[in-house]
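Record features, source Swiss-Prot:
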BINDING   24-30, 52-54, ARG319, 345-347, 427-429  GTP binding site
BINDING   ASP25, GLY52  Mg(2+) binding site
BINDING   ASP25, GLU26, GLY27, LYS28, ASN50, ALA51, GLY52, HIS53, THR147, ARG161, ASN238, THR253, ARG317  IMP binding site
ACT_SITE  ASP25  active site, proton acceptor
ACT_SITE  HIS53  active site, proton donor
BINDING   THR313, THR314, THR315, GLY316, ARG317, ARG318, ARG319  substrate binding site
Amino acid sequence: MASMPKPNQSARGRVTVVLGSQWGDEGKGKLTDMLAGEMDICARCAGGNNAGHTIVANSGPDNVKTKFDFHLLPSGLVNPKCIGFIGSGVVMHVPSFFSELDTIEKKGLKCDNRLFVSDRTHLVFDFHQVVDGLKEVELGGSSIGTTKKGIGPAYSSKASRSGLRVHHLYDFDTFAAKFRKLVEGRFKRYGNFEYDTEGEIARYRAFAERLRPFVVDGVTFIHSMLSSNRRVLVEGANALMLDLDYGTYPFVTSSSTGIGGVCTGLGIPPQCIGGVIGVMKAYTSRVGAGPFPTELNDEIMTHLQEVGAEYGTTTGRRRRCGWLDLVMMRYSCLINGYTCLNLTKLDVLDNLPEIKVATTYMLGDKELSSFPADLNILAKVDVQYKTFKGWRGPISNCTSYEQLPDTCREYIEFIENFLGVHIEWIGVGPGREAMVHRPLPPHEM
């Protein structure tokens with residue numbers, strides 16, 4: 001095992017982070033795919049297989065365009081020279097890890113000796129998934145609409161200090177004893193639901209040996225990479241408004257999905273982070289229950305759903321859609337400190353006669369000065385909008401900012417000025433190449 005590296009000032013700024021800025025499904029995977037070609041490592045820092053995205057990339061000996069679905073593995077693996085790393089802040093369902101790995105390798109994407117898992121990563125078991133479903137049933141009309149992947153119950157085990165981590169697999173008798181105790185606790189809470197405890201233990205004995213070559217001391221691994229001047233791309237899961245602390249609680253996920261979760265999930269200090277790219281749709285969507293101030297229920301909503309293909313990669317559920325919410329985005333920018341933004345799915349707005357963005361929340365005759373923590377207040381706000389003329393034509397063939405219609409650029413620049421953050425990347429179509437890059441002029445950097 002490599003010795004623990006000393007703190008290295010040369011690691012300063014070598015990490016680039018891609019984060020969702022809304023309620024997820026912003027299109028982080030596309031930008032991650034593009035940036036991964038310039039990176040040495042692509043890392044996951046939080047969440048589990050409860051989120052997902054699809055990437056189309058050339059693969060195999062014939063270099064054929066192939067579709068890859070990523071849920072748990074870092075999507076930067078589509079770059080055959082990029083190392084994938086699952087950090088300590090992730091919760092990992094081992095069967096899903098191997099299922100996803102086997103699927104992408106069958107499609108020609110080989111991951112031998114370039115995929116690693118922190119030994120501190122917590123494990124998601126099948127009983128966590130059963131409990132997830134039972135809890136949703138128990139909540140009834142108050143359910144939050146989880147993916148039922150066991151993520152919340154696994155993080156609950158972690159927070160209550162009863163969870164099991166990857167390293168526990170390599171003291172298997174202790175693992176088995178702790179596992180039985182963990183399941184017994186769930187039986188006491190939810191009754192004797194159908195579950196084969198001993199069968200699961202037997203499966204994990206086999207999983208432990210198959211997983212062994214992937215397991216590393218996560219802290220030593222990531223800092224050794226940074227000390228070797230490797231460039232790291234961090235692929236955020238979910239998005240800021242699903243963050244356990246700063247999202248629309250309790251309609252959130254169970255992990256830290258913002259910039260703080262990057263440091264705690266990978267074991268790196270803040271000074272290692274050189275850039276934070278916030279990914280935002282040109283409109284807003286969310287899956288499951290929870291408040292949504294700009295939600296639409298008309299033909300515009302249908303347009304956004306159909307043209308934007310707003311169906312969840314993980315659940316297949318139709319996403320709720322509405323106008324871009326700049327009040328929420330300003331809150332997101334404050335917390336995550338984006339150095340630039342990637343505006344995605346702008347082409348979905350192509351044929352709309354007019355386009356709106358939310359600029360103000362009013363409560364009675366009072367303007368709210370911040371995004372409210374209290375969801376009862378959020379449910380009562382009146383949203384004020386700025387309306388733009390639509391550009392009424394396709395933009396998918398635009399390859400430079402100057403080629404975009406004037407009204408389209410007006411929309412982009414209003415968002416940019418409102419948020420005070422430069423929009424560097426603009427998605428103008430579903431294809432990998434349909435991205436306009438708009439770097440800041442050197443004198444403005």
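Every residue gets a Cβ built from N, Cα and C, even glycine.
Over all protein chains present, the Cβ of LEU346 (GTP binding site) has 25 other Cβ atoms lying within 10 Å. Of all the binding-site residues given, namely GLY24, THR54, VAL428, none has its Cα within 10 Å of the Cα of GLY316 (substrate binding site).
When the alpha carbons of GLY24 (GTP binding site) and ASN238 (IMP binding site) are compared, the span between them is 5 angstrom. Of all Cβ atoms in the protein chains displayed, 27 besides its own lie within 10 Å of the Cβ of ASN238 (IMP binding site).
Of all the binding-site residues listed here (GLY24, GLY27, GLY52, GLY316), it is GLY316 whose C-beta has the fewest other C-beta atoms within 10 angstroms. The most crowded of the binding-site residues listed here (ASN50, THR54) is ASN50, judged by how many other CB atoms sit within 10 Å of its own CB. The sparsest Cβ neighbourhood within 10 Å, among the listed recorded positions (HIS53, ARG317, ARG319), is found at ARG317.
If you take the C-beta of VAL428 (GTP binding site) and look for same-chain residues 6 or more apart in sequence within under 8 angstroms, you find LEU346, ASP347, ILE395, SER396, CYS398, LEU404, ALA434, MET435, VAL436. The binding-site residues LYS30, ARG318 differ in how many other CB atoms lie within 10 Å of their CB, and the one with the most is LYS30. Note: the CA-CA distance between ARG317 (IMP binding site) and ASP25 (Mg(2+) binding site) rounds to 12 Å. Its Cβ placed at the centre, ASP25 (Mg(2+) binding site) has 27 other Cβ atoms within 10 Å.
If you take the CA of the residue listed as 'active site, proton donor' and look 10 A around it, the binding-site residues you hit from GLY27, LYS30, ARG318, ARG319 are GLY27, LYS30. Cα proximity to GLY52 (Mg(2+) binding site) (within 10 Å) is found for the following binding-site residues from ASN238, ARG318, ARG319: ASN238. In space, ASN238 is the closest of the binding-site residues ASN50, ASN238, ARG318, ARG319 to LYS30 (GTP binding site), judged by Cα positions. Between the C-alpha atoms of ASN238 (IMP binding site) and ASP25 (Mg(2+) binding site), the distance comes to 7 Å.
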